[in-house]
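What TrEMBL says about this protein:
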- A:8-193: domain 'CheB-type methylesterase' (DOMAIN)
- A:20: active site (ACT_SITE)
- A:47: active site (ACT_SITE)
- A:140: active site (ACT_SITE)
Ligand SMILES: C[S@@+](CC[C@H](N)C(=O)[O-])C[C@H]1O[C@@H](n2cnc3c(N)ncnc32)[C@H](O)[C@@H]1O
């Protein structure tokens, strides 16, 4: 099948995803086929124009087969669940594999920041992390993705030619060479095959 | 040994810095949420122009003024007046009627930062006719923030947003009644703080100092790990009177705490709890 689904993927413990403008559609297309029994936690930062209220979790819960929630402070990360960062708060992964929220300054005008989620997850999961950066109109995520790579994790950038807005993927590519540059449909099939791929 | 089992030098240095701060200055950041502390120290490194955390440690160990500067990076002071207006509205509608049954009231605002929350609470209490019989203890670990809180002077630029918050929070007057504008600042009515005691107090190292009827600790606990959160909840439980009120920040919850069973939600959505 997908050569990317070969060995390095079999030890993956968690997935982090970042997106900005155009992100809702992109996330729906990569998560749309995940089976109800998908076993890995997915933690996502999606920038939204309005910091106050978000219906992201509700919208995705209706469209996906896996459980979807806003990540709560000090919540222990559950397998097979998609967590979204709350608007207005940074979301991080802690060493005891729980989530934490914070209100430090914005990064690239963004809070939640993809950089913070990715870097903290990279510190915790090391090579057992898969990080995916998608469409977006700013540079958030590029440094975080490079940090994931340095920590031994696997990095994927959406093919900028396909991305609704290519600024974010291109900023990431300018900083480091990811393991894979893929279209959304290839990312979707890679995710779906993650667990079925023999280790 | 597998490489990933070895701690990175910078992680070791970070732990040593936090330990050094505790031993030298008694500020205890050992049980704060790790990811955020790490970022704040990284940020401080750039500002202090130190190449390593060890270099920063040497600086703060030998220079108390440098430590006070570092403290400004380690604490997150962001605040607003009537932050999350629906929260203050719920206090007005659900808690105030019950507070009115007490002949005198003690309120503890833990982690008050630069005071925005304190003045908001005082305004609410005044409008409800309770301020005169209330004592407010406003505590924080950051002396610079406490000094600012004592002055009650906020940037006029922010007051427009605060005014909108105040109105959404059920404010009954013109917000401008509470301050005088001077240049680009709003100086808040000093009678609002007549019954306020500002004090240095750490939820990480200090103990309970008074019985209280209401405790507000908002946007402080997210910076603590579970163990330290439980320490704080323990202090609140000890300080609160029978059926006393605990209010948390909009993203803070008792759900994952051992103290969950000692409190019941009064307005769950607004994180208002009652000691059970
Ligand atoms: C984000 S501010 C919250 C201000 C205000 N409560 C609000 O919600 O707008 C967090 C405050 O917690 C304080 N803080 C941090 N650690 C503390 C501790 N151990 N004990 C008391 N206050 C602490 C910080 O100094 C900072 O002023």
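Including glycine, each Cβ sits where the backbone N, Cα and C put it.
Predicted, not measured: the structure shown is a model, and the values here were computed from it.
Known features from TrEMBL, placed on the structure.
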| residue | record | DSSP class |
| --- | --- | --- |
| A:20 | active site | coil |
| A:47 | active site | coil |
| A:140 | active site | coil |
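With a 10 A radius on its CB, residue A:20 (active site) counts 26 other CB atoms from all the protein chains. Separation of the C-alpha atoms of residue A:47 (active site) and residue A:20 (active site): 5 Å, rounded to the nearest whole number.
In this structure, the CA atom of residue A:140 (active site) is 9 Å away from the CA atom of residue A:20 (active site). Mean model confidence of the domain 'CheB-type methylesterase' (A:8-193) amounts to 95 (pLDDT, 0 to 100 scale).
Counted within 10 Å of its Cβ, the other Cβ atoms near residue A:140 (active site) come to 30, all protein chains included.
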